[in-house]
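Trainee: Pasting a structure here, questions to come.
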Amino acid sequence: MKIFQRKMRYWLLPPFLAIVYFCTIVQGQVAPPTRLRYNVISHDSIQISWKAPRGKFGGYKLLVTPTSGGKTNQLNLQNTATKAIIQGLMPDQNYTVQIIAYNKDKESKPAQGQFRIKDLEKRKDPKPRVKVVDRGNGSRPSSPEEVKFVCQTPAIADIVILVDGSWSIGRFNFRLVRHFLENLVTAFDVGSEKTRIGLAQYSGDPRIEWHLNAFSTKDEVIEAVRNLPYKGGNTLTGLALNYIFENSFKPEAGSRTGVSKIGILITDGKSQDDIIPPSRNLRESGVELFAIGVKNADVNELQEIASEPDSTHVYNVAEFDLMHTVVESLTRTLCSRVEEQDREIKASAHAITGPPTELITSEVTARSFMVNWTHAPGNVEKYRVVYYPTRGGKPDEVVVDGTVSSTVLKNLMSLTEYQIAVFAIYAHTASEGLRGTETTLALPMASDLLLYDVTENSMRVKWDAVPGASGYLILYAPLTEGLAGDEKEMKIGETHTDIELSGLLPNTEYTVTVYAMFGEEASDPVTGQETTLALSPPRNLRISNVGSNSARLTWDPTSRQINGYRIVYNNADGTEINEVEVDPITTFPLKGLTPLTEYTIAIFSIYDEGQSEPLTGVFTTEEVPAQQYLEIDEVTTDSFRVTWHPLSADEGLHKLMWIPVYGGKTEEVVLKEEQDSHVIEGLEPGTEYEVSLLAVLDDGSESEVVTAVGTTLDSFWTEPATTIVPTTSVTSVFQTGIRNLVVGDETTSSLRVKWDISDSDVQQFRVTYMTAQGDPEEEVIGTVMVPGSQNNLLLKPLLPDTEYKVTVTPIYTDGEGVSVSAPGKTLPSSGPQNLRVSEEWYNRLRITWDPPSSPVKGYRIVYKPVSVPGPTLETFVGADINTILITNLLSGMDYNVKIFASQASGFSDALTGMVKTLFLGVTNLQAKHVEMTSLCAHWQVHRHATAYRVVIESLQDRQKQESTVGGGTTRHCFYGLQPDSEYKISVYTKLQEIEGPSVSIMEKTQSLPTRPPTFPPTIPPAKEVCKAAKADLVFMVDGSWSIGDENFNKIISFLYSTVGALNKIGTDGTQVAMVQFTDDPRTEFKLNAYKTKETLLDAIKHISYKGGNTKTGKAIKYVRDTLFTAESGTRRGIPKVIVVITDGRSQDDVNKISREMQLDGYSIFAIGVADADYSELVSIGSKPSARHVFFVDDFDAFKKIEDELITFVCETASATCPVVHKDGIDLAGFKMMEMFGLVEKDFSSVEGVSMEPGTFNVFPCYQLHKDALVSQPTRYLHPEGLPSDYTISFLFRILPDTPQEPFALWEILNKNSDPLVGVILDNGGKTLTYFNYDQSGDFQTVTFEGPEIRKIFYGSFHKLHIVVSETLVKVVIDCKQVGEKAMNASANITSDGVEVLGKMVRSRGPGGNSAPFQLQMFDIVCSTSWANTDKCCELPGLRDDESCPDLPHSCSCSETNEVALGPAGPPGGPGLRGPKGQQGEPGPKGPDGPRGEIGLPGPQGPPGPQGPSGLSIQGMPGMPGEKGEKGDTGLPGPQGIPGGVGSPGRDGSPGQRGLPGKDGSSGPPGPPGPIGIPGTPGVPGITGSMGPQGALGPPGVPGAKGERGERGDLQSQAMVRSVARQVCEQLIQSHMARYTAILNQIPSHSSSIRTVQGPPGEPGRPGSPGAPGEQGPPGTPGFPGNAGVPGTPGERGLTGIKGEKGNPGVGTQGPRGPPGPAGPSGESRPGSPGPPGSPGPRGPPGHLGVPGPQGPSGQPGYCDPSSCSAYGVRAPHPDQPEFTPVQDELEAMELWGPGV
């Protein structure tokens, strides 16, 4: 027998050997040990002890040899050892033991002996004595044979032992736990009618190893203890305590009434979940709890768990090999407590107990409800009411007196379902709970929100008060794009319900949201929207004092403080633009204007926020007026004086001209502006002269000419003559009383006559008026006499738009004076003016006009399209409106618009104009690629188009084809047309719901060739094998340069024949798509492009050759991402087939994408031609290659493979079950997880589903929360139904909150929601049912039950196979068949319904309720043999690493202790293809090639980018004039007034922002621990608050830079792998250093290698955050960064606690809250110990070591430390023992395997 084996230069412990601990120190000379004794520990273990020799010696040699022969195994021990345990012995084998003391090179005589375990057992007393023998130091482990105390009380008990089986214990220490349990069980009288003992083991998820009623004898229990398997996982003690509370102390599990109930917990670490509520539940239900902690257990936590007093119920030992020291004390205490409880139970046996009944909830509010119950029987001391949110949270409780039967639960969360349990508390026991649920109401919200008193920068908000609210939160933000983030909030007290929001932006729409606050909780919001007022422009513009070169502007000010005004005015032709800014005044003169010019005015108010919209107006300056007074006096025979009055200071000069009336020379003189008279001399006597006067202004313009006639005196005349002529010539008289006669103030029915009185002797004036047309003799219309002192008269009523001649005659006492006449004209009936158009869009526009000067009653607007027939439309608006938005117009259409003013006398003349909507249509529409049966329409896109409707119509038979394409499309092709036919192609542009007019062209298809008549090709008939084909088939054709035109046509012919073999094309059959690939793939047509074989084949014939390089990998990815999509027509549940044709090696990688697609269920056929790489084809094609890979020598050899390819493709497409890739092989079946969207890339879109860690923490699973009701239409999943034989496979687990009622794990419903087939789980009855309909239409079910079925309901992951055949149904659980039952052959299903997961059986209809559970795998395999081949590799307890594939990101830990390098390995194979190299330097220019042939014309290039916008500014539109003759090209139009900056428009109103929520109180976070199998989640924990960053640990020595690794995974996985790698490396190195120290007899001080905490499991995808809870304890420190190679030994760090990240909580997203309080400082992680040094005081740390050489790059791995348990320690060989060290109180060495 071999105990040690030398390898290289180190002594290493063999796998079956443990470490010997040392106990005593004896000094003296070398002498032999004495008193060699043996003590049996178990059936394969023995303890050897001896007395140390006297004198000085260095150590011992322990030799163990099988007597029957075999290798002697030797172990060197230190001189302090006096005992050792040998394990792994054969009970029937005789062994010789020798113990030799030595000192340097001298040895003592051996102390030796022989033993056989069976012989030693026979000598033992079969009944151990009750008396306990004190062993002094107590370090000796007790064995069942050594137990001296046996509980002999007649009292019995139900004892449930809960054992921690987490990774931190390790397999080695778990053996010591078994020894402890064996000793514990031995102390009691165990039997079915005596004390019963059950046991559960827990880690991530608890499991029952055996129930209380599982065994009937003590021997059976002890045998079960010895065979107890080690579980492994995380430490979730709270979950485990709750598990035994719900499962172990139940009658069905063997628990008895009237019997003491004892719970014993054994754990080695701090729990990663909350232990207080489950411990309290157990204690209050009558279970007395004992807690035994080992090593890193938390004493405070043990005290929280155990019953009182702590001194007798809490035990804690430092190491596992010291557990035997507490056996006696524990068993004594248990025995005495059983006796005491038995007496108490018997004393109260006559008392009546029971739970309360009739749980009723009432008075439900948002924060409370009342709970009522009927009293429990007997003498109830108190009632305990426990309540907690169903979706997770910390339980609360209320304790009331036993006389009370109701209580109000307060401070609840609103709109939350609560679980309620009421327990009756008796003197010595507690009843079962009376349970129920209730949901609180939603918090009352504010109502009647009113936004009012809106100004430019403020508004008031008002709402009705909410009873009970503690305050209100108001959020408000602008909706304008670009300002949405400028959100503000306001918190106010509960007494305020009317507030003002100030500081707002003008002319901006705001959304205002009000929340009622109840403490930190908020109600639902009430929201309103309102727009602030625009900045007020000035009002009521008035233009006065308009002259020829000036005018005055007057306006009313705005209602608020402004900074000033900006005035802009310009003339009509845009040559004169002026701008001036003025102070806050209300009038301003304009000067320096041009006479007779139209000016446009715009006045802006200027505020701090900007400027307002303009107040506009238009006016025209007057012409330079004629002189209204011209007088001739001082007349002589040769001269007279001309006198006038200047009209303005701007008159520059006067030009005076005169000429004899009867002919003669005109003379003139230019006079200065200050002159107002001039004497004309040198005239002829008695001659009549015409005198003219005009003013010449500074700008060169001239006034109208004023004329007067004067006659010089004859030589005999002496009295002067005077003539006054206003604008017309008047005969000179010598007496007149009138001058400056003016007719003005025109209206439509009146004129005012004014004159100056020049003679005070006038008694009266006679005013006569008549129309100016007609005969001069016509009759006077009217005569009015006025006094001589009156100088004006209003003439009315007159006719509108009529010219009148008014004559005023002065009347003297002696007769009439000279009459003076003047014309006047009434105004026409006034109508609107200045029609303007704005806001033009594709279906609307706005018209604006200026009101007429005369009063109106309203306006009538009439409009009609110009070029298309249609009704005339009209509308009416009030007198105060001068603008209207006309809607529902046609796009790009001219409309005639007429506006009539409604006046008292009727309608005015119409203001007419032509307006036009914007054109919603394409441009540059052309027909291209015109063939005999096809053509393509090309156009230039419209910038606002969202879609195009393209229509082609035959002008012969009026047949139409129509398609709708996207707004970015520039072409569309039509096929199946008639040759030599005229077609009209129309494109309609669509903008959302608006459709523009068609843009059309005519095109004629090509004629049939007239040379040899040809006939349309015969459509190939479908082949028999393809009659049932139904698939989505994509052909990928290599279009690279190496193929060429001729060979490409051969490929097209091959495709034509292959597709022709198909039967039905379209959604009811096979859909075909085509991609041509080179550098960039190009879609020739999509899967849903063609519905008939004829059109499909025609499209194939017209595929053109592309040319380029070969990028096959890129093309395959393109096909997956672009063509296998819903938009392209991909159907769910239909086989996906790809056929790749290529003639060369790809210039990119094809392996990865091909593998991914094969794993996703795609069937890929690869066809290689000529120079194609066969190995690459094998990588591309699916397996087996014999069916999926083809190769031909040239392009003429396609016929050789055509039939075989068609057969294989059609067989793949005809299968009811598509091909899926599972566990490395291709199978026919359905990947149901993918079909339900339960995969990593899709699950976030499935409502009610979250991703959680699954088995091994490396597989994802998906938690279906309550009422998630995940479903999919059957036609997507199983369009052809189910096969006759199939296997349904699930990997799932039941959760604590999974209801007790039956639910369908999976079922198919028809369109009436009737179940057709499915699997039912009854969590309450612990049964499994499968049902379907048989072929005769009868409903049939089979139900399975029993112990093997029940275990799937206990919270662990289990694998379930249901094998359905034509005669029976088999159930296989965890790869073990547990039952089968006969069943008739099933009928096929209909595909008109849905398939659902988790639907409650009692829930009817398409909706309803569903149960929560976790699902990791769900497949349907179309075979009955799959269950026999499955190895359950996903289950930790059944996984065989040798036959199972590697776990994702896994690594293996070496089982040898060798540290020396092995021999060089054989040369490696060829490496992977390297990455693409950098671009090389350009090579030298090659010789010129021959001139190529002229190529075909290239396609038309895309339209160029739109040019920049012009800088001109639109002017005010003028009045429409009469249509004139076509003129020459005019000059650029005038500029308009620059408008104010408009506020940006907005898109749609965004949804309201959710309320920032309160800071959620944190639940207790679990500390990081080793990765393990996740357990059944309990009530989800609540996120803890973040603590401050812990102090950094000391840095390690940096390692050498490694090679570039492969792309990493998510950050959390990378961190886990990095930390795990450190754990393994550090522990191996320290392990080896410790071995070296021991075997070379180097004394060493105690140097514990402490447990390194394992990394946390990979975080799941975030679920919806749970409801906020209370503040939890501080979180544990996170992992430090990656370490380098080990540095010098560090100080021993504090022992960390183990744990892992908890699963995400379940629930809807809570509102945002403020930051939580800071947590306590974290701890640094202990450093890795270095190798031990020689004895002596601790020296200073050494310098950093030189970094080692760069190691080779490895594949990315994931090292689970738990799998590296105890390096170098394997299970014992049947023929070899293993040693278990015994630790004394002296020198101790701790050795822990990685991950322990």
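Easy rule for this one: first residue shown is 1, then count along the chain.
Cβ coordinates come from backbone N, Cα and C, glycine included.
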Trainee: Where does Swiss-Prot put O-linked glycosylation site, among K960, K1111, K1526?
Mentor: K1526
Trainee: From the set P110, P1406, P1532, which residue is assigned the annotation 4-hydroxyproline by Swiss-Prot?
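Mentor: Candidates were P110, P1406, P1532; Swiss-Prot attaches 4-hydroxyproline to P1532.
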Trainee: Swiss-Prot tags one of K122, K491, K1106, K1523 as O-linked glycosylation site; which one?
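Mentor: Of K122, K491, K1106, K1523, Swiss-Prot lists K1523 as: O-linked glycosylation site.
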Trainee: May I ask you to name which of P1013, P1081, P1520 Swiss-Prot has annotated as 4-hydroxyproline?
Mentor: P1520
Trainee: Which one of P828, P1009, P1556 shows up in Swiss-Prot with the note 4-hydroxyproline?
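Mentor: Going through P828, P1009, P1556 one by one, Swiss-Prot annotates P1556 as 4-hydroxyproline.
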Trainee: Say a student had to find the 4-hydroxyproline annotation in Swiss-Prot: which of P126, P1497, P1711 would be the correct pick?
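Mentor: Annotated as 4-hydroxyproline in Swiss-Prot: P1497.
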Trainee: Which of the listed residues, P66, P832, P1283, P1574, has Swiss-Prot annotated as 4-hydroxyproline?
Mentor: P1574
Trainee: Would you mind giving the whole-number mean pLDDT across the domain 'VWFA 2' (1032-1205)?
Mentor: 89
Trainee: What is the three-state DSSP composition of the domain 'Fibronectin type-III 2' (355-444), stated as helix, strand and coil residue counts?
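Mentor: Reading the DSSP string over the domain 'Fibronectin type-III 2' (355-444) gives 0 helix, 46 strand, 44 coil.
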Trainee: Tell me the residue counts in helix, strand and coil for the domain 'Fibronectin type-III 7' (831-921), as DSSP assigns them.
Mentor: 0 helix, 48 strand, 43 coil
